[in-house]
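Let me begin by presenting the structure, written as C-alpha cells, before commenting on it.
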Amino acid sequence: MVKDIKVMVVGDMSVGKTCLLISYTTNSFPGEYVPTVFDNYNANAIVNNTPINLGLWDTAGSEEYNSFRPLSYPGTDVFIICFSLISQTSFENVIKKWHPEIIQNMEQVPPIILVGTKLDLRGKGKSEEKEVTPEMGEQMRAAIGAYKYSECSALTQDGLTTVFEEAGRVVLFPPSKEELAKSKKDSKKGDKDSKDCIIQ
C-alpha cells in the first residue's frame with residue numbers, strides 16, 4: 001500500500017523552490033523564472049522499501065501572500081524550509097519569518113527539513129551577499145529544531161533526491177523520544193551560535 005505524504009515547501013522568493021520541485025519531479029530544469037502563487041506536484045518514491053507518494057506543495061514567498069499561504073498548511077506531514085546558499089538574507093529569514101510562521105499556524109508542528117539551495121553557485125562569486133557555509137546551516141538546523149539539514153542544486157541535481165528521501169523517511173519513521181530530546185537539546189545549544197552566525 002502506498003503511503004501518501006503531504007510536503008509543504010516554503011522559503012523566500014527566488015530561492016529556487018519551484019526549480020527544486022520541477023527538477024525533482026520532471027528531471028528537467030526550467031529555463032526561466034516564473035513566480036509561484038500556489039502549485040502542486042506529485043512524485044512516487046521508495047524509502048526503506050516502502051512505496052510513498054509525495055504530494056509536493058509549492059508556495060509563494062512574497063509578502064503579499066502572507067495571509068493566504070498558511071491556509072494550505074493544515075494536514076502537512078513535513079515542512080521543507082528553503083533558503084539560498086548565496087543569500088544571507090534568505091538564510092536569516094528562516095528563523096525570522098518561516099519557522100515562526102509554521103509555529104504560529106500549526107497546532108502540532110510536523111517535522112522540518114532545512115534545505116540550502118543553489119549549491120552549484122556557492123563559491124563562484126555570483127552573489128554580493130555573504131554565502132552560507134555548511135556549518136552555518138547545521139547551526140540553523142539546531143536553532144529551529146529541524147530534523148535534517150541538506151544542501152542541493154536543482155540545476156545539477158546534486159543532493160536533490162536526498163532532500164525528498166529524508167522528507168519521506170521522517171514521516172515513515174518518526175524520531176524516537178530520545179532523538180527528539182537530543183534535537184531539542186541541540187536546538188537550545190545551537191540557538192546562540194546560530195544567532196551569532198546570522199548577525200556576523
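Quick reminder: no glycine exception, Cβ is built from N, Cα and C everywhere.
Taken from Swiss-Prot, the feature GTP binding site applies to 11-18, 58-62, 117-120, supported by similarity to another entry. Here Swiss-Prot flags C197 as S-geranylgeranyl cysteine, drawing on similarity to another entry. Annotation comment: Swiss-Prot describes C197 as cysteine methyl ester. According to Swiss-Prot, the region 'Disordered' annotation covers 178-200. What Swiss-Prot lists as motif 'Effector region' is 33-41.
All protein chains included, T59 (GTP binding site) registers 21 other Cβ atoms within 10 Å of its own Cβ. Least crowded of the binding-site residues (S14, S62), judged by neighbouring Cβ atoms within 10 Å of its own Cβ: S62. Spatially close to L119 (GTP binding site) yet at least six residues away along the chain are L85, E151, C152, S153, T156, D158, G159, judged by Cβ distances under 8 angstroms.
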